[in-house]
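K.L.:
Annotation comment: TrEMBL describes 44-195, 200-326 as domain 'TGFBR3/Endoglin-like N-terminal'. Under the heading domain 'ZP-N', TrEMBL lists 358-439. Look at TrEMBL and you will find 1-24 tagged as signal peptide. Annotated transmembrane segment per TrEMBL: 578-605, in sequence order.
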C-alpha cells in the first residue's frame, strides 16, 4: 500500500457525510450526498411508469410518448434510437419526447418519423421535426394532448435518469384498448434504456483507520426475469490503487461476464463468473448474503472497513461501472517507476483469482493449473523468499508456510503481506511476474490438537489414556489483552461432557494449563494438556468433539469446534468390528458356496468319467496239469515260456527260450 492511498480515507468519509468515524457504532448505510466514488449505469426495460395500447391501430400512424427526468443535470446528451419493426417501416410513426429542454440526439432508420419535443436536438438527429410541444405541467396533460392530436397512443414510457433509449416500432392488436399508465411497467417488448444510478449509499466502520474500500452491487432477484447472464464492464482511473474490492451479489444461478479495463481490483461474486479479457473459463463464486447488513458484514470480514458505494439495482443484462479518482488537485511528485504491471495478463489473473488464504499461523497458496491456461510456460511459483517454492502436481500448484517464514510481514491491522512470483519461460529468457498481495488473518478462534508438547504437526486423533496437547489461538489487534478463554469441553456420544477449562482455569482430572508463547501482532495463544479416559464400564466411542469459547469483556463470544477421532490402544484405527449377524451371515454364505461348488464338481465328474473295457481271459498253453484252482502249474525250476501263436506270443511256463510256433 503506497503513500498515494492516504488521502482516500478523509475524502470517502467526507463523501459519506461522516467527518468523525470514531463516533459511529458500526456502519449505518446512508445516501452519498456529494460526488460519488463511482459512476454506475445499467440497462433495463422496466420503467417507473408506462403503458401500451392498440388505440393507434384505428389511426394512420403509431404514436410513442417518452418523458425523461433526471435527478441531476445530465453530463451527456440523451441518445434516442428508433428501430423499425421486423417488416420494415410500414406505417408512419410519431415520437413525442418531453425532457425539460434537455440536449438529445434522435436517430431512426425510418425516414418518415416525426418528432414533437422540447429538447435541443443535436446536429446528429436524422428525423423530421414536427410542431413544437405545447406547455404541459403533468404527464396526464401530455397524454391527453397526444390522444387528442393523433386519436390514439401506441406506447408511453416515463424514464428516470436515462443515458440512451432504444425504441422499437410496432403495434399489437392484443394490447389493451386504452393506454393507462402503470407503475414499474415492463416495456421489454418495445423499449430498452440505460440509466444512471444515483441512489447509492455508503458508510464506514466506526473504529476504522483503513483506506481499504468496498463497492457492493446488489442485483435484485425476480422470479419472472429471463436474464441468465450479466455483462459487467469495469473501468478504473489511470492511478487506481489496489486496495479496493468489488462485491457482486445476485441469485446463484446467474453468470457474471466481467470485462476489466485498467483495474487491479479484487472480486467476490455469487453464482458463476468469467473474466472475458483473460479466459472464457467459468469460475465458481461463493454464497453471499442477500441483505444490506449481511453484505456489509462480508466486506468487514475481508477487512474492507469503508463501504464506498452500495448500489441496489433491478435485474439487468448489462452493467457499466466506472470507479472515479477523487484526490486533491495538488499531487506529490512521483519517483519514476517501471511500467505498471496492470497491463500484464499474469498480473491481472493473479489479482482476480486471489489464490492466497491465511490462518492465524499459516499462509496457503493454491492455484489450479487450469486457471493458468491463458499463461503459457509457467516454470514455478514462489513467494518473496524464492526458496519458498510451490509444489506442483498434475492439477495444482500448492504452497503452505508459517506466517513467520518466506518473507511474510504481519501487520498490526490483521494483515499478512508477501509477494507471489510467477516465473515464466519466454524462449531462452526467464521472466518473472511479481504480485504484491495482502492476506487477511480472520478474526476467529482457531483450535488445534497436538500429540506432543512441541506443538508441531497438528492432528485430529485422540488416543485413550494418552496425553494430548491443545492450543487455542486468536488474533484481535484492537485489544488482545481483553481476550479470555472462557471454556473448553470434550463431548463424546453416550458420555457426560468433560469440562476441561473454565474461566482460564483447569478443570477435571488430568487437565493442566501450559504457558503459551508471548502475544505478537495482536495474537493470543492458550495451551493446556489433558488425558482422555473412558469411564469404567463404558465403551470407547469412535469420535468426539472438542469445543472451546473465547470472548471479550463485553460478552462478545467466539466459538470453535474440532471433530476428532478416538483411538483405542488395542483397536486398529478405523476398525469398527463386525456384528454377530454379519459373522453368521458370512459363515452361512461360505458354507452354501462350498456345498454348491462340491455338488457341481461331482456332477461334472459323474458325467465325464470313462470306464475301462472288461478284461479278456488270455489263451495259455500249459505243460502239466492245471491246479484245481484254475491257475497254471509249472515244474519246480522251470521258467515261463512264450510261444508264438497267430499274431501274438502266448506266455507259457517252461524252459527259457524264444517264441516258437506250435
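Just so you know, glycine gets a Cβ as well, placed from its N, Cα and C.
Surface or core, plus neighbours and distances: that's what I need for these features.
P.N.:
Taking DSSP states H, G and I as helix and E and B as strand, the domain 'TGFBR3/Endoglin-like N-terminal' (200-326) has 10 helix, 55 strand, 62 coil.
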K.L.:
So, by DSSP, how many helix, strand and coil residues make up the domain 'ZP-N' (358-439)?
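P.N.:
Tallied per class, the domain 'ZP-N' (358-439) gives 4 helix, 48 strand, 30 coil.
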K.L.:
Can you give the mean pLDDT for the domain 'TGFBR3/Endoglin-like N-terminal' (44-195), rounded to a whole number?
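P.N.:
Taking every residue in the domain 'TGFBR3/Endoglin-like N-terminal' (44-195) and averaging pLDDT yields 88.
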